[in-house]
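Asks: Structure provided below as structure tokens; questions to follow.
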Amino acid sequence: MSDRLTLLRPDDWHIHLRDGAALANTVGDAARTFGRAIVMPNLVPPVRNAAEADAYRQRILAARPAASRFEPLMVLYLTDRTSTEEIRTAKASGFVHAAKLYPAGATTNSDSGVTRIDNIFEALEAMAEVGMPLLVHGEVTRAEVDVFDREKQFIDEHLRRVVERFPTLKVVFEHITTGDAAQFVREAPANVGATITAHHLLYNRNHMLVGGIRPHFYCLPILKRNTHQEALLDAAVSGNPKFFLGTDSAPHARHAKEAACGCAGCYSAYAAIELYAEAFEQRNALDKLEGFASLHGPDFYGLPRNTDRITLVREEWQAPASLPFGDFDVVPLRAGETLRWKLLEAGA
């Protein structure tokens, strides 16, 4: 068993960097490992057009560490009123790489999202024409649907219909959490892919709920039972190019997580590739990590693969109990615990 693992530099195809003072922390954590990242647009107000995407992009670039070449790939936030002209302008910009479907009320800052899928069909047609991928938070939001069933329900009610109606539209089913989603993606045409988070590979709902409620495991879509966790691991290590890395690293200040009504999201960017390495090692599949982390994503998006490399070493280290997050602090995934892999920093 090797104690070193060298990969083409990976990318993160789903990250939340937040905004304002927090960028000084989140951008550096992402840039430490990733060459590029698909940056989620659910700010307040959301990133709805190319001009807003460019302004956000400039704020991210200004927060990059010195000499960093980290590239933010911007995303539009779809609303019921997103026009075909906005889609075409965004595509022509060269820096907007996708548009995101948030069902209204599904997750953090999704209140401006889509109320009926049919309301964005003209926008989706334009996206298919210009070659802009659709990113999907795949959960229904009706109050009567159990929170653990919302992903499967979304597939049956909406996603199958979208994929069938727009056969040339690239669709990324983001942060999948169920065996149902993995099976859907495997059986779908080649234009449908999926991201998988490290926390959904490493944990299930027992980790969040048994022995006390652990708010730093709370995310949306919520952690599912262990059989779904195993199905996600099967997909991730399969070598199937439809599945690729997307951390869904989503920081919230400690007081917003450790609360009577805590926010959803896990902060993993600070040690993302190390966490994925642990998950792949559980399956004796470290040889499949480079494909999942560094190859499948750019290939799906039609972007060049990175050419530089990173190296992980088998070395135990203790994750910090907290990290700075603007004017507050954030408790990262695995806070205070031992990690088994460590990114070898440049010059080390």
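Using the three backbone atoms N, Cα and C, a Cβ is placed for every residue, glycine included.
Heads up, here are the entries from Swiss-Prot:
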- H14, H16, K100, D248: Zn(2+) 1 binding site (BINDING)
- H16, L17, R18, N42, H137, L220, H252, A264: substrate binding site (BINDING)
- K100, H137, H175: Zn(2+) 2 binding site (BINDING)
- K100: N6-carboxylysine (MOD_RES)
- D248: active site (ACT_SITE)
Asks: To the nearest Å, how far is the Cα of H14 (Zn(2+) 1 binding site) from the Cα of H252 (substrate binding site)?
Replies: 16
Asks: If you take the centroid of the Cβ atoms of K100, H137, H175, the listed Zn(2+) 2 site, which other residues of that chain have their Cβ within 8 Å of it?
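Replies: Not counting the recorded site residues, we get H14, M40, L101, Y102, T107, L135, V136, G138, E174, D248.
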Asks: Work out how many Å separate H252 (substrate binding site) and H16 (Zn(2+) 1 binding site) at their Cα atoms, rounded off.
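Replies: Spelling it out, the Cα of H252 (substrate binding site) and the Cα of H16 (Zn(2+) 1 binding site) are 10 Å apart.
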Asks: What binding-site residues among H16, K100, H175, D248 are found with a C-alpha within 10 angstroms of that of H137 (substrate binding site)?
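Replies: So far as Cα distances go, the binding-site residues lying within 10 Å of H137 (substrate binding site) are K100, H175.
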Asks: Where the record says H16, L17, R18, N42, H137, L220, H252, A264 bind substrate, what is the longest distance in Å from one Cα to another among those residues?
Replies: 19
Asks: Looking only at C-alpha atoms, tell me how far R18 (substrate binding site) is from K100 (Zn(2+) 1 binding site), rounded to the nearest Å.
Replies: 16
Asks: Find the shortest Cα-Cα separation between L17 (substrate binding site) and the binding-site residues K100, H175, D248, and name the residue that gives it.
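Replies: Checking each of K100, H175, D248 against L17 (substrate binding site), the shortest Cα distance is to D248.
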Asks: Can you figure out which of H175, L220, A264 (the binding-site residues) comes closest in space to K100 (Zn(2+) 1 binding site), comparing Cα atoms?
Replies: H175
Asks: Just to verify a number: CA distance, L220 (substrate binding site) to H16 (Zn(2+) 1 binding site), in angstrom, no decimals.
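Replies: If we compare the Cα positions of L220 (substrate binding site) and H16 (Zn(2+) 1 binding site), the gap is 13 Å.
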Asks: Give me the CA-CA distance between H16 (Zn(2+) 1 binding site) and A264 (substrate binding site), in Å, as a whole number.
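Replies: Counting only the Cα atoms, the answer is 12 Å.
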Asks: Within 10 Å of each Cβ, count the other Cβ atoms and name the one among the binding-site residues L17, A264 with the highest count.
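Replies: Output for this query is L17.
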Asks: Whole-number answer please: how many Å between the C-alpha atoms of H175 (Zn(2+) 2 binding site) and A264 (substrate binding site)?
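Replies: Between the Cα atoms of H175 (Zn(2+) 2 binding site) and A264 (substrate binding site), the distance comes to 13 Å.
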